[in-house]
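Everything below concerns the one structure shown next.
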Amino acid sequence: MFHHRGGCTPRAQTPYAANVPIVAEQQQFQQQIDQTANAMGNFQLNDNAYSFTQPAQQPQQPSSRKVANQLYPVDLFTELPPPIRDLSLPPPPITISQDSIVTPSETSNVPYQYVRSTLNAVPKTSSLLKKTKLPFGIVIRPYLNLQDSSEYVPLNNDGIIVRCRRCRSYLNPFVAFIEQGRRWQCNICRFKNDVPFGFDQNLQGAPINRYERNEIKHSVMEYLAPIEYSVREPPPSTYVFILDVSQNAVRNGLLATSARTILENLESLPNHDGRTSVSIICVDHALHYFYVPLDDDYEESDDDDDEDDDDEEEDNEEEEEEEEDEEDDDDSITEAIQMFDVGDLSEPFLPMPSEELVVPLRYCKKNLEKLLKTIPEVFQDTHISKFALGPALKAASYLISNTGGKIEVISSTLPDTGVGKLKRRAEQGVLNTTKESSQLLSCQDSFYKTFTIECSKMQITVDMFLASEEYMDVATLSHLSRFSGGQTHFYPGFNATSLNDVTKFTRELSKHLSMDISMEAVMRVRGSTGLRATSFFGHFFNRSSDLCAFSTMPRDQSYLFEISIEDSLVAEHCYLQVSTLLTLNTGERRIRVMTLALPTTESGREVYASADQLAITDFITQNAVAKALNSSMDSARDLITKSLQDILSAYKKEISMSNITAVTSLNLCANLRMLPLLMNALGKHIAFRPGMVPSDYRASSLNKLETEPLHYLIKSIYPTVYSLHDIPDEVGLLDSNRETKLPDPINATASLFERYGLYLIDNSTELFLWVGGDAVPELLNDVFNTDNISNVPVGKSELPVLIDSPFNVRLRNIISKIRENNDTITFQSLYTIRGPSINEPANLTAEREMASLRLWVSSTLVEDKILNCASYREYLQSMKTAINR
């Protein structure tokens, strides 16, 4: 046992373009639109609008004309069931004339996975934008993978960073070299700058071709930032773990589970520069700090460095002595660890200097492992139910106030002691009323707002892992992450006796801890003259009108910035450049630059034809989340409905009025035909749907929508449904690319469910396996090794492993493929649900559980009328009625 001191009141070498297909997906988009065009009439598309010229050695000759995306109107009522394959299509192509690019190539414009605009043709005037009622914003994802080594972005390390003297934008593929190449004209503000000395030379002074430079060829690239981009030496990555050791956390197994998970992942913490540091604070009604000494073998190796070996015999003698001492190593190390209790929560203080309590992982790893093994034993018999989170947060901030870092809170108890103490809010009579947002989704204590301001000053991020069967006030606690660049993860009903609960928690915490991070990051968007970023959505601290600050920048979040047109755009193209200054765990200061070029237009038809329905969905979602948190749930729902209604009305007025069928149909362009479906589904999402939704669940869902990368957000709004009982022979097996082939999805409606069928539903957070109540014994045997549906396990459980059943193997392959990801920490638990059957045995307890699960599944079938929300057909009819008034 440790001493208890009481009394203290190389990156992967693949260019990103290879990982981010562009041309093939644009061709896919063209083919999809062509199918619609053929159905509507003999429309023709120009191939040049949908592909770039192959990379050239020298700048191309000016293009003589500009080709725009074509608009194809559709009647939404003839598009039933909706063609959900559109949800997997890339956005409408961005048509940039070749003469506006220094060296045209597939990497000249930013891939949409990094920066995605709601409009791929920008109105030249604010009045035209208002006429269309379409929103203008960009979805930003600075990193695409949890580990930086999985993503190659070109790096300039020659110290030459070329920026415009007027607007401070960075040199990019869309500038113009003028005056025999001695100067360059900024594409953002049109200012003429001098080309710096050394621009056409390498580090050795040898001449190079400037058209081969990264900033000329690539719209996504990085600079190694010189010293003037830093205000101090790069800090080490520092993690402070606040562990809940109250009775509830011990009883449900969270303490033991989290301690073991942290122990197993100490080696996985980002530690590229060998400077990563760790501290642990255990919290109940007091604060328990730990002094962790250097590992014995580190001390011995230090001594050995100062000594010369006399001969091999002496070495052998020393090794024998070390072996004799090995039996005592565990006891000696554990005894050297000391715990200090601080019970004065009004003014929590550090019992030792912070450098004694925050220890280098490199030199203390073994002792940290000893400590993490011991902590569950020390508190296993506790009867203390209190949890002083507020004082613990203040103490953790004292520990790392000089370096910044991450505070990882793992808790199972509502904070009820000291500053920031919370109480259970009365939900009865408030849920599903106009008071829901103000009384249940607001921050209960101002401490959680003011503390994040201090965190931003000290470069500290707070992540929350809340796992409990009790009320946790996620709405209040999520403020800690929302404004510090972190995330709140919620595990309702967690209990370590459930293997599935433990699996999900440990998988997600492990991926979170191993995820690369950036420190002391700031992000800014610069736009062409006339464009300005005005609203910002995501988890960060908005330090000024256009500067977003991240104490640490994670790899699994995205952000959305609204863009306003403040002056008319006179040029044929406009530009948005996202620059992020950050410090990597390697100790390097980097600047990541992403430049997006967009055509401008005076045609409303072109604006509609180039609108991105998925990015628009994200835009409306972020604004609805803000409404729900800052106003009311009704105002959030009204925003969703009105946003779509305005777009449909404007489209009818500006585009469809010449069509005689405009009154009897509901028209929209083909590239936006999924938008009504997504808005109908968004209103049924747990974050927004009316009904008695527990506030913790509502707050957690709103929090997740704020940061979810776009493809996961779309799946959480419109779940992917697979029919499994009739999959083709090749599905569930490896294809020619050694990837497991997934079945084609079907529409999310119960009308397609057969009573004997087997279906898998993926909502990005969970997986649901629906077993039809009349499933045949052969199917049940192949999947579950039973021919009686009553014996099929229901609830949270994995499929049995039946190696003698090829069908079972294929289904498990499909589930594994869906869970396979390297861009999110989410691990999707599998829930098995039996459909109703006339032979279902009467069991009141089982019936209640089954009814709850069936209701949950029905909420994912978003094309149906569910939970007092209109079906998709009814929704379209209501929209048609509204715009024809």
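Keep in mind that glycine also has a Cβ here, set from the backbone N, Cα and C atoms.
For C164 (Zn(2+) binding site), the same-chain residues lying six or more positions away in sequence with a CB closer than 8 A to its CB are Y170, C186, I188, C189, F191, N193. Under the DSSP three-state reduction, C164 (Zn(2+) binding site) is assigned to coil, being neither helix nor strand. The Zn(2+) binding site annotation in Swiss-Prot covers C164, C167, C186, C189.
The average per-residue pLDDT of the prediction over the region 'Zinc finger-like' (164-189) is 97, rounded to a whole number. The region 'Zinc finger-like' feature in Swiss-Prot is assigned to 164-189.
Feature annotation from Swiss-Prot assigns region 'Disordered' to 296-332.
Within 8 A of the CB centroid of the Zn(2+) site residues C164, C167, C186, C189, the other residues of that chain are R165, R166, R168, S169, N187, I188, R190, F191, N193, R526. In this structure, the binding-site residues C167, C186 were compared by how many other Cβ atoms lie within 10 Å of their Cβ, and the smallest count belongs to C167. Within 10 Å of the C-beta of C189 (Zn(2+) binding site) there are 17 other C-beta atoms, taking all protein chains into account.
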